[in-house]
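Asker: Following this message is one structure expressed as structure tokens.
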Amino acid sequence: MTTSTGDDRIDQLQQAITKSRRYQTVAPATVRRLARAALVASRGDVPDAVKRTKRGLHEIYGAFLPPSAPNYTALLRHLDSAVEAGDDEAVVRWDRRAMSVHMSTRERVPHLDEFYREIFRHVPRPNTLRDLACGLNPLAVPWMGLSDETVYVASDIDARLMDFVGAALTRLGVAHRTSVVDLLEARLDEPADVTLLLKTLPCLETQQRGSGWEVIDIVNSPIIVVTFPTKSLGQRSKGMFQNYSQSFESQASERSCRIQRLEIGNELIYVIHK
């Protein structure tokens, strides 16, 4: 049971973290969870715990963003211009530019056509598509070939990013729901035909060993698409393909699911059929 003193220190940590412009819109549940672990690791030393919490947030969130916060307002103005002009090619160019703001989707941009063509060769077009820890991936919807009736359910830990994603999907005419969700704190039992977990498991495992498959097991979808990076943000392989594939396939073999493996660009892809 957390003591009142512990709660006070976590409150202190949360206030210190959210003073930083970089982390002020991160889900409170995420900040408090990392702060709690940092307090234990620092033996109650608050200044040290602040550093540890920021380091943890950088690993799972900050490292994927540019040094300065993206100008989402300006991006939406450019999208408005393209949509109002009825210029589909300009919208696609905007999508590519916007997705390049986030490192995870930037790496996927050169391979978008092949990426979604191959995935949806193995996955039926869903009525409900859920994208967990989505980043800016929902902006790739023009490449997915979804029906007009498909509802895109997207979530991430960054409230500012999710406001932007929701506004962009509205302008793109995509039925959607967006929310701020910490995957290690939230219930994930809402049903969806297909769930995307793109480059998410390594970040989960960094925070809590074994949590990647715990999320997969809990998610209420018959089909889950999981991907892993095969190169670091610095474009080094470091044996990542072998490490991720061996670990993932070993865990999958212990479950009654069927998996299909693909590799496109710097991304190892698994389609899981529960």
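Each residue, glycine too, has its Cβ placed from N, Cα and C.
According to Swiss-Prot, the protein has these features:
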{"type": "BINDING", "residues": "Phe64, His102, Met103, Ser104, Arg108, Ala133, Asp156, Asp182, Leu183, Leu198, Gln207", "note": "S-adenosyl-L-methionine binding site"}
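Can you tell me where each of these features sits in the structure?
Answerer: Gln207 (S-adenosyl-L-methionine binding site) falls within a helical segment according to DSSP.
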Asker: Is Arg108 (S-adenosyl-L-methionine binding site) helix, strand or coil when read with DSSP?
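Answerer: Reduced to three states, the DSSP call for Arg108 (S-adenosyl-L-methionine binding site) is coil.
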Asker: Under a three-state reading of DSSP, tell me whether Asp156 (S-adenosyl-L-methionine binding site) is helix, strand or coil.
Answerer: strand
